[in-house]
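Right, one structure below, let's go through it.
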Amino acid sequence: MRTPLLPLARSVLLLLVLGSGHYAAALELNDPSSGKGESLSGDHSAGGLELSVGREVSTISEMPSGSELSTGDYDYSEEYDNEPQISGYIIDDSVRVEQVIKPKKNKTEGEKSTEKPKRKKKGGKNGKGRRNKKKKNPCTAKFQNFCIHGECRYIENLEVVTCNCHQDYFGERCGEKSMKTHSEDDKDLSKIAVVAVTIFVSAIILAAIGIGIVITVHLWKRYFREYEGETEERRRLRQENGTVHAIA
């Protein structure tokens, strides 16, 4: 199916090439800026036909063959590299548009634009003076009588007013007093009472120990006396029994 399409493609390409060559020749003939236009103006002469034919032949020779197009081995990059680069674009015979090139900025202008304007320090001497000025202590003015039983203290970091309470006082304004159950005299009396109780208890214990010792000694002596009496009675009974046997 591809073989009948090749001659059609070739004929179409030839027609396109011929038309483009003819259009380019007409543009060059009508261009007023070129010197060749004056000599080739008017009707198409034989030389003009030869020029157009020569250009058509050159363009035909530059176009790839049908076999290269069918195989796809043709490199289009070489064709585009060989073409001369045009600085402008031709829209019409009487109008020609050229590329606009922006002027380059000087280095001095670029450096000036990059440099930022220096900011002026606000305040100057007055600003330094304001910083050096200390804030007023509110304890001397607003919170002078804030603490009832204590001293007012102002913490600058936290900006808080606190009270340093006196002894036995507490609370936010040191208005509450802690009530003690025992005084110092009571403490001394309690100590004396504890000492007296310990002495009394120790005396009772010693007395009990002494009484116990006395009772044990008395009981021991009594038991010993009873034991001696029993032994004497046994001796007497033995002696009496011995005399009775002797008489008998």
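Backbone N, Cα and C define each Cβ position, glycine as well.
Between C139 and the candidates C152, C163, Swiss-Prot records the disulphide pairing with C152.
In the three-state DSSP assignment, the secondary structure recorded for C139 (disulfide bond) is helix.
Note on the disulfide-bonded residues C147, C174: the fewest other CB atoms within 10 A surround the CB of C174. For the disulfide-bonded residues shown (C139, C152, C163, C165), fewest C-beta neighbours within 10 angstroms: C139. Cα to Cα, N241 (N-linked glycosylation site) and C147 (disulfide bond) are separated by 112 Å.
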